[in-house]
Each structure stands twice: as structure tokens, then as C-alpha cells.
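Visitor: Take a look at what Swiss-Prot says about it:
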type: BINDING; residues: ALA67, GLN68, SER69, GLY70, THR71, GLY72, LYS73, THR74; note: ATP binding site
type: DOMAIN; residues: 54-223; note: domain 'Helicase ATP-binding'
type: DOMAIN; residues: 234-395; note: domain 'Helicase C-terminal'
type: MOTIF; residues: 23-51; note: motif 'Q motif'
type: MOTIF; residues: 171-174; note: motif 'DEAD box'
Amino acid sequence: MSAEGVSEIEESQIQTNYDKVVYKFDDMNLKDELLKGVYGYGFEEPSAIQQRAILPIVEEHDVLAQAQSGTGKTGTFSIAALQRIDSSIKAPQALILAPTRELALQIQKVVIALAFHMDVKVHACIGGTSFVEDTEGLKDAQIVVGTPGRVSDNIQRHRFKTDNIKMFILDEADEMLSSGFREQIYQIFTMLPPTTQVVLLSATLPGDVLEVTTKFMRNPIRILVKKDELTLEGIKQFYINVEEEQYKFDCLSDLYDSISVTQAVIFCNTRRKVEELTQKLTESNFTVSSIYSDLPQQERDVIMKEFRSGSSRILISTDLLARGIDVQQVSLVINYDLPTNKENYIHRIGRGGRFGRKGVAINFVTNEDVGAMREIEKFYSTQIEELPADVAEMFT
């Protein structure tokens, strides 16, 4: 993950109330062992969001940072957290929340890699693991990465001592502060020391979320990317008008007959649709995996491992996967169903071109979906073109 691989953002597209910009990691006064980890991980120069957000977080400001997927958000808060913690104190000091178990594990991997030369323990507090593991892991981990339900449960059961917490970081804040998680976030916040620093990072921050942040952030530094730049660089976006729902599968089969793709993620809106499509593709001799939130954790882990290793070429998913899973080989994302929430669109198509890798997103649109697609175009100030006849050339 070099600086060359991170999508660049024009200076004119950054809005902020903080004027310090640091263009080199060497100039951030990072601990020597952390700096070694940063370079060892493959970072060369800080991305636009890292240039602007790492320093104010380290300086203990509350920070609200908006950047699209693939811009180095995870590196931003991971580096800042590792700089702030005291490794001699064997107790949780930074709490990082993520909306899904998979994203929490991804963040944990990044933090561990960056902390390679440091005496730091990172514990993942997530569903699907035993409470015994949490009890042991939470004793001496300086950084805890977790999902809201499991973290809240552990704090209430006094397994997670929050006395030393000084940073509360929410990744994918638009999802975390949506109605499903808002109450849990508030509950966790009331159980943290009153001086706790709050950091929110996300690809989208709609107005209602910005209002919510005023309830628990103190004079935050705001670093916002203008909305009309949020569509990912390097992602070619197309649609196919399938007219009616019943024609989607035939259209998908025709598409696969005409293109050669290493790996693809196909998004559906419901578990039932995922299961139906998986069955149909399997019957058509495709090697397919599928994943959704109701699947047992162990199965989800195995499926993701198989897909990352390349033994499975097609992954069919609900929006569970649409946030932050780093699958580098994916060149094609197909929205078999348009997302019901337009803010999930950027998270879905971000799977195809993370960190500068080029990708193609193809949306299957029924006659009824045309209005929703136009809304997505308007929301992101982008254009989704009709898929051209020479589509095969994009995958050669």
C-alpha cells in the first residue's frame, strides 16, 4: 500500500478548519519504532487525509474526517492511536469501533502491522469469539478494536476496564451513527472517561450525522472532502437496463460469456436473493461463494479466506461486505440490485479499485430502478454510462 496506490484528492476539494498540512511522515514527530512500522508497512508519503488528520488527532483534538474508501483512512487513525498510547501501561487506552466484525479484523491487522516494532497489544472484541478470549485479551491490550454490541456487553460485564481510555475512534461513522447503532454508541460513550478524545472517520457524512456528532464532540477539527469528489477515482461505472427483474440472471450469464474476469463481487439486497443467485450460478458451473450477516462467524471467515486466496472467483454478498473489506484482486463489482441506501453505493463500488487499482462497476437496472440510479448520480455528482458493446476489451 504505497502512496502511489492511494487515491489522490485535489487541494481544492479539501475543506477544513485546521491549517496544518504535513507532507512527510518524517515531519510528524512520530516515535522512531512507529515510523519504522509505517515505512515497513509500505507507506511512502502520507495521503491527503493523512497529511491533514494525523497531527490534530495526535494533538488530542476531537476530529471529524471525511475521506472516500481507498484514501488511507485506516492508516490515519491507526498511526495517530499508536503515537498517542503509552506502551508501558498495560491497559486499554484507545477504543476503535467498526460496524462489522470483518472490518474490525481488517483494522486490527493494519494496527498490528504498523506496531510491528512496538511493544503494543491489539485485541479484537467481536462476536463469534469466546468471552474467555475477551477477558484475557482485554486485560493488557493497549488498543481495542471491536463492534458496538460486543464492546458494550464487555464494558457492562466489567470485563473491559475503561479507566485508561483516552481515544474513542469510530470508523465508517455514517453507518455507526445510523439508527441501528446510534444508541449503542451513546451507551458506550457514557461509560468512557469524560475527557476521552473522539475521532470519527467515514466516506460519507450526511447532515443528520453531522448533527448527531455535536452531541458528543467538543469543537472538532473538521476535514471534509467535498461531496462531488466522493466517487472513486479509477472506477468505471456502467449500467445495463435489464428492464424486468426476471431478466437479471440471463443478463449476468451473457455478461460472463463475453468477459474474462479474475474475481468479482456481486451485491444483492437480501439474503434470499444471495442464496437464489448462488444456487443458479453453481448450477451453471460457476465457482461461487456467498456471505451474509446471518452466516455463522466461522463460515464467514473461511469464505473470506477462500476468496482472498483466489480459490473462489465470485463472491455474492449483501451490504455486509460493502464497508472496508480489503480484497485487492477484485476488478469487477456488479450491483445485481441497486443499493436501497444510496450512501452504500460508494462502499460497494469501492471494492473494485481500492488504493489506485482500476476497477469496473456494473449496475443491473430494471425500469423501476432508473429513478433510483439517477438519484445516485445526482448524490455523487457522477455519471453512470450505459455498458458499451465492446465491454470485453476492458478486461483484457
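Cβ atoms are placed via backbone N, Cα and C, with glycine included.
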Visitor: If you run through the motif 'DEAD box' (171-174) with DSSP, how many residues end up as helix, strand and coil?
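Guide: Its residues fall into 2 helix, 1 strand, 1 coil.
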Visitor: Relative to the Cβ position of LYS73 (ATP binding site), how many further Cβ atoms are located within 10 Å?
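Guide: A 10 Å sphere around the Cβ of LYS73 (ATP binding site) contains 24 other Cβ atoms.
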Visitor: So, in DSSP terms, is LYS73 (ATP binding site) helix, strand, or coil?
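Guide: Once the DSSP labels are grouped into three classes, LYS73 (ATP binding site) ends up as helix.
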Visitor: Looking only at the motif 'Q motif' (23-51), what are its DSSP counts of helix, strand and coil residues?
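Guide: Breakdown, helix to coil: 18 helix, 0 strand, 11 coil.
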Visitor: Around GLY72 (ATP binding site), how many other CB atoms lie within 10 A of its CB?
Guide: 24
Visitor: Mean pLDDT across the domain 'Helicase C-terminal' (234-395), rounded to an integer, is what?
Guide: 84
Visitor: Using a 10 Å radius around its CB, how many other CB atoms surround THR74 (ATP binding site)?
Guide: 23
